[in-house]
Structure formats: C-alpha cells, structure tokens
There are 2 protein chains.
Amino acid sequence: MDDRQLLETIRDLIGRDETSDDCAAFPFDNGRKVLVSTTDMLHKKTDFPRRMTPWQMGWMSAAASLSDIASCGAQPTQVLVAVGLDRPERLRPIMEGAVACTRACGAVVAGGDIDSHTELTIVTTAFGIVEKEYYCTRSGAKAGDLVCVTGRPGSAQAALDGCSGYWENLVMPKPQVFTGQRIARAGASAMMDVSDGLAVSLYDMGEASDVGFVLRESLPLLPIADAKKYFLYGGGDYGLLFTIPREKFVRMDVPVSVIGEVVEEPGVFLGEEPVEKLGYAHVWN
Amino acid sequence: MDDRQLLETIRDLIGRDETSDDCAAFPFDNGRKVLVSTTDMLHKKTDFPRRMTPWQMGWMSAAASLSDIASCGAQPTQVLVAVGLDRPERLRPIMEGAVACTRACGAVVAGGDIDSHTELTIVTTAFGIVEKEYYCTRSGAKAGDLVCVTGRPGSAQAALDGCSGYWENLVMPKPQVFTGQRIARAGASAMMDVSDGLAVSLYDMGEASDVGFVLRESLPLLPIADAKKYFLYGGGDYGLLFTIPREKFVRMDVPVSVIGEVVEEPGVFLGEEPVEKLGYAHVWN
C-alpha cells in the first residue's frame, strides 16, 4: 500500500478538496484573501540523502512546505518547525538552514516544537496569503490550456543517482515563491509543485481538474543518460507545474518551458505514447 | 541537556517572543485580529502510554495543539495533521480521533501529510483567531493579580502512575477552548496551558511576565497520596493557568480555582516554601 492509496481510506473523513490540494485554504478579509497552509514531514531515512549537512536538512524541510505555498500563488508569511532531534547539537544548524530558506522566501520562522527522537524528523508548517482571484489549486486546468514547468525536472533525482553537477538541486531546492506569484497573476488555471515527480503530478492535476495531458516530443531534458526517464519520473525537484490559457502565456516574464497541452481525455501521453503513473511514494509492506 | 536549555541555543535565531509563547502570532484585519498558530510533535515512545488506542493517540495529538490555541483565548479554525505511520491500518482511527477532538473544539481538520516511519509520530498544527484586545500570552501577569487554574492539575500524571479513575484525563484530554475564550474576555492578564506541569508553567509565565507567584496553602488537590506533588509537578493535563486582576475575577462564570497571587519577586512559593522548577521535559543524554 502506498500513501496515495492510504489517503483514499480517509477522504470521507477529511474531504476531497482537503486531501487533494497541496494546501489547506481559509478565506478571510471578507473572502477577498485566502490563508493557505501546509505541513510536511521529512526524516532521516527516507528524505535526507547521506552527505547532507544538518543545515541543508533544515533548508530542505522549510523548502518542502514553502514550495507548496508557492504553488498556490501565495506569499509565504510564517513557518513553524517541529524537530524530533536525535542529537541535540544538530538543532542550531538545522534551524539556521530553515531560517535561511524561509527568509529567502520573504517569510519568518515564527515558532515550533522540540522533541527527542531516535530518528531525526523535521516537520515544517508554512502559511501564506494570496488574493482570492489569484489563488491556484490543482483543479482548474482546461482543455486547450498550455502545460508548463519551471526549472529542470529530474535534476534532484540525477544528483541522488550520482550525476555530478546537480547536488545543489537536491539538497538546497529553491521554492519558486516569486515565480509562483507571477504565474498566478498571469492567469494560470492550475498549479502544483513537482516534488513527487512530473508524471505523477500530471496525473494528480489531471484527476483534480478532470482532464488529460499530451506532452511534446521536444522536452527540456538534462544532458544525461536516460534523460527522459529523469524528466518524467524523478522526484525531489521543486519546480512548478502549471496550466495557462494560450493567450495569457505571452504576458509571462519568468523562465518556464511549455511542455504540452491540456486535453479532454484523461491520461498523460508523450506524443502517442502513454506516460506511466510513477513517482515518489512512501510504501508500507 | 533538556529542551528548555536547547531552546536557549536558538533564541537569537528565532526571537524571544517566538520561542517563549505557546503560539506564533500574525496580526491581520488591519491589526484588529490575530491569527495564532502552533505545532506539536508527539510520538509513541515518549508521549503515548501503553494501552492507548490509535483513536486516542489522534485525539491527544490534536488536543495538544488545540490547547495552545485555547491558551491564547482564540477560537481554533483549522488543524493540519502530519502522521509518520508505522502501520498503515492505524491511519484511519488516528484521523478519526483527531477529527473528533478538532470538531469538539469547533474547528476542522483541513489537511496534512502522510509518511512512513519506524516509530509512530504525529505532528499537529493548529490555527485560531482572536480579537487583538483579548489575545493572551504568557507575559502580562502583574503583581496583585490572582493566579487561577482550570481543571484538576495532576490527574493525567496520576493515571500514568496507575491511580484509577483518571485514565480519561490522560488519554482524552479536553482542550479548554471555550473556557479559554471566556477567561480572555473577562480580562485575563496572562494565560498558558499546564501540559508540562503547573510548577514549570508558573516559572515560564513568571519569566515571560517578569513576576513571581505565591500559592495558597489550600489547593484543589486530588484525593490521592502525594497529592501536592501531583498537583505541582504532574504533566499531561490540559487545564489553563491564568492571571487576572482581582476586580475582574467576579465577572467569570467558568469553573476555576484561585490558587494564589502574583508578586513582584521572581520565583514560585507555596506559602513560605519554594516550589521546585520541575516538570515535563525531553532530555538528551
């Protein structure tokens, strides 16, 4: 059983929107604004590669939540950090990394919790604010919209598999908060980050929006072996996947790649060829 | 080294208020309201007694954060739940317990994260809203104020040590959210919950408010052996400790016990006798 299947078992308890979007939403200011929030648990065994420093672990943990805020088109305001510490001397560098990433995104670390734990575990919660009209979710993609992505999907996975030159993409991912806001203001119809991998993110967005995707044969691949596999299935990147009506794309002035088009039929295709629904997932045996 | 000492090592990074209050604060609605938020990490080895059911673990985890929101005088709005799951079949009852506690407090579980973990770990984050004029923190207690507490401190610790009749206090703690709001509106000068134990909470509040406390000899003790020890040093209860100017106390209509008075000199005394600064703490060796 993986985490997506497990999530199905509690959808009726929490709600469909609540279990499919990256962030929880709370309208305020008479419905003119939305407070978005998200929480992410990372821990040593499955999330922090060897050779990663505690500072980088703190940075990556904050980045995981800040990236979800970015994918709503929101400006992050605050981050809370709960640390289950195996070794007390790690707290300071972990928090320095978390604070550095949070500040780089224009927010502040506003508190947290400290716990002793056999396995280093970091749980970050981030909040952000976005005007209702610019608030993006995974639903809203419409047939005919362009499909776009920021950054170079596959970079983090490439680093994890030993390709040189991509280590920083893996251990110091940059949440695309300012880019996310510009994409949202340009008129994106749906947005999410690709931290679980591009292919599974497309499937998730397709399900939430009730659409499918056809990708172009010419993709912005990395100059490495098996580049297409890394592009489609590699996890750990914090680029943004979004859809946008064709006529609104011209107003964009951020670095993005158009990788395909939204279609009515469900599924994800690369030209004629079906793309597998594979990506990062926690698995319980 | 315990968690209070450890917290000292990062105060300069995060800020003094941010590391001493139960909740982070974010002013909104042109400063008329405050969004409060808090995060708590609980895990099997140190937080969930044997014989506790997964449903109760979910309840207790949500309660830990909701109690912090209550201590600000705020109305909880949303809870996020990150679960590091050892066994997938536990997710549903854990979430049912978390949802039940959250609903009982007038809020909703709005999302979360699922992770696989060798040790069951639950991290809850709660948000709440309070009008600025009623927002309570640990600072604000003034010499001459009454010191009060809700509930029966020591009950949870008594259950943990095998006293019968208190099991529910331990495994299904009730966050005092509605009581907290009434206390705040009555004009409390400082408030916090006593989940780490009354004595250490008094020391924390005294430090934040730059005051001391003298407790009365007649305390609302449990009818058990070593009752005073449990009252002062037992952790795991979710009652509220607050201070309030004497003339405002008459307006209260919630069940509380007056246990002493705020004084100028730092420290905590039971009559003439000093109370030790002991309570619940995580310790790293």
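In case you wondered, yes, glycine gets a Cβ from its N, Cα and C as well.
Annotated Mg(2+) 3-binding residues in TrEMBL are A:D68, A:D193, and among A:D22, A:D113, A:D237 the one listed with them is A:D22. Listed binding-site residues: A:D68, A:D113, A:D193, A:D196. Those with a CB under 8 Å from a CB in chain B, in sequence order: A:D113. Within 8 Å of the centroid defined by the CB atoms of A:D22, A:D68, A:D193, the record's Mg(2+) 3 site, lie the Cβ atoms of A:C23, A:T38, A:S67, A:I69, A:A70, A:S71, A:C72, A:M192, A:S195, excluding the listed residues themselves. Under the three-state DSSP scheme, A:D196 (Mg(2+) 5 binding site) falls in the coil class. With all protein chains in the displayed structure included, the most crowded Cβ environment within 10 Å among the binding-site residues A:D22, A:D40, A:D68, A:D193, A:D196 is that of A:D68.
Here A:T38 (Mg(2+) 4 binding site) is positioned 13 angstrom away from A:D193 (Mg(2+) 3 binding site), judged by their C-alpha atoms. Taking CA atoms as the reference points, A:T39 (Mg(2+) 1 binding site) and A:D22 (Mg(2+) 3 binding site) are 9 Å apart. Neighbour density around each Cβ, counted as other Cβ atoms within 10 Å, peaks among the binding-site residues A:T38, A:T39, A:D113 at A:T38.
Assigned with DSSP, the residues of the domain 'PurM-like N-terminal' (A:21-130) fall into helix, strand and coil as follows: 38 helix, 46 strand, 26 coil.
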